[in-house]
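What follows is a set of notes on a single structure, which appears directly below.
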Amino acid sequence: MRIILVDTQLHTQFGANDWPSLFSRVPFLTAAPHTEATSTHNSPNPTDDAHTAPKDSVILPAYSTEDKYEDDPWNLPELQDNGLKWSELDTKGKVLRVLTASVKFILLVGFLYMFVCSLDVLSSAFQLVGGKAAGDIFQDNAVLSNPVAGLVIGVLVTLLVQSSSTSSSIVVSMVSSGLLEVQSAVPVIMGANIGTSVTNTIVAMMQAGDRNEFRRAFAGATVHDFFNWLSVLILLPLEAATGVLYKLTKIIIDSFNIQGGNNAPDLLNVITDPLTDAIIELDKNVISDIATGDPAARNKSLIKIWCKTEKITTLVNITVPSDANCTTGALCWVEGNKTLTQINVTETINLERCNHIFVFANLPDLAVGLILLALSLLILCTCLILIVKLLNSMLKGQVAVVIKKVLNTDFPFPFGWVTGYIAIMVGAGMTFIVQSSSVFTSAITPLVGIGVISLERAYPLTLGSNIGTTTTAILAAMAAPGETLANSLQVALCHFFFNIAGILLWYPIPFTRIPIRLARALGNRTAKYRWFAALYLLLCFLLMPLTILGLSLAGWQVLVGVAVPIVVLAIFIIVVNLMQARCPQYLPSGLRDWDFLPRPLHSMAPWDRVVTSGMAFCGARCCCCCKCCQSTDDEEKGLQERKKSLEIYDNPVLTRDDEPQETSKETMKATQL
């Protein structure tokens, strides 16, 4: 009889009747080499054949079952400090450590400053490239009357100008000039809320070098996307059917005697404007003038040349055909056979040129925009990489423990639920300080990636960021002139209550925090197939909005005829997937898995081979990005080998070198005996 001897560590955990279940749980035992040995282990029952070891017994390497399950990649990593403790350092070492920490902190602040400035320049570059196109899109008022088309236009315009504040200001200008009604502007504001979340998703892609960091960072960025899309999915049909946001904000505007105030305070801009204004300054009124139908604005450049101007209004005599054409209230007289009247003519006198580097460059807006786009992306990526490196070197030991506890620990029972709402207020306050939700969410994305902030804590911070950016818009609207104050403030309040309604839908009850689960699933997918992140951006922020816009322009009948079958199919697939995971017995045998479909329709592996082959082709031609992605398989093999080296070890007492090799089939027979 052949038996298997396993380390005594397992003997203490499993009885004699448990060995078959043990081997069934460790299937890779069948592939292990066999050695002959005599055992010195004490058997629980010496008379039992199951615990005796004849000379020809088959001995397998012992396996530890403690780490049989892979570590959860969503667990925050422990940033351990391998250096000397403070108490072990001499005076020189302590001085050097303090100086090193100070230099790192100064560098971190500097890189953060450059990171924020690069985001500002990136927004200016997008406006130079697509700002006039955004104005042309907004000019078609008939399309904006369709709620779905208005939503998609808000997404696309915000994507083009990389600023929800800019797209919102365009909407306010159109509403104030009477070209767009407030009720038609609400879907556009919803779309602007979606479009602004693309910036931190792009930032997350810069952490694709490390698989688990990329998993967490991409999930931390896309939780914002899923919140916005799910909120729109519920609130846009509700708004189109009932006009609840429009009516609520209308009641507020009519109930209070709201008067204009000062401009919103410039907090972060005071620090960043000296650098960004030295690079480029834009005349953002050009986009608004194009959207409101000013023909002269189409020939103007977005690049501001004169920063200090003065307007002088004078009365000028002009000739009109008859008295009926005279300006109302103005002097009108006849000289000979001519009828003259007076009108006010405003003339702009240029006093002082701007000081940015492109003020004397005789280049079109598109060329300057492409130059700034390339430079800002380069600086953005460089600063982000250096910030992550510095944070990884600084957040170690007790510092990391304190920071992670402060950011991720809940209040004690029964006040644990308060923690999330405090995080929402912190996110709102920080966004109000930096005056940009894109800047705040882009700043916390790398922190989620390196494991300082958990995904569960990043979610309420992101929700607070949505609130913070709307409060800034409300203050800006209250600084509007008296004739446009009511409309401007109503549009800003619609944006505010849209985000409040979204938070009430997807946060108070833990079960409803669906964006976290969706972001985690997408993070797992993109960590396994990194190219899927680019596909996600392309589909969600370009192809899908353009497709919906085209269907909307074709008429609501076409949109409903195409969208309804797709939505029904998507709901069917989701329901079947849930039933396959939880109660497959209630499904027909053919629907208990998707194997009846061609493999490319239910697996990413065939597509991954195609993309990997394409990247290998690019990598042969010195494409650094492709080389990074090409190393994915090598990393997986290295991780598996390291893990196996931890899980499997040979018991030196039970091994003998003179045992001949046997087949795995004989091993299976031995285990059964």
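Just so you know, glycine gets a Cβ as well, placed from its N, Cα and C.
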Q | transmembrane segment per TrEMBL - which of 411-432, 609-630 | A | 411-432
Q) Considering pairs 6 or more residues apart, do the transmembrane segment (184-206) and the transmembrane segment (366-391) have at least three CB pairs under 8 Å? A) yes
Q: For the transmembrane segment (558-579), could you work out the same-chain residues 6 or more beyond its ends whose Cβ comes under 8 Å from its Cβ atoms?
A: 148, 548, 551-552, 586-587, 591
Q. Relative to the transmembrane segment (148-172), which of 95-116, 226-246, 366-391, 411-432 accounts for the most Cβ pairs at distances under 8 Å?
A. 226-246
Q.
Restricting to CB pairs under 8 Å, which listed stretch, 95-116, 226-246, 366-391, 488-509, is in contact most with the transmembrane segment (411-432)?
A. 488-509
Q) For the transmembrane segment (488-509), what are the same-chain contacts with Cβ under 8 Å, counting residues 6+ beyond its ends? A) 168, 171-172, 175-176, 182, 185-186, 189-190, 192-193, 227-228, 230-231, 234-235, 245-246, 248-250, 252-253, 258, 420, 424, 459-460, 463, 466-467, 470-471, 473-474, 476-478, 480, 515
Q. Where else in the chain does the transmembrane segment (95-116) make close Cβ contacts, counting only residues six or more beyond its ends and a cut-off under 8 Å?
A. 86, 89, 268, 271-272, 275, 379-380, 383-384, 386-387, 390-391, 393-394, 434, 439, 442-443
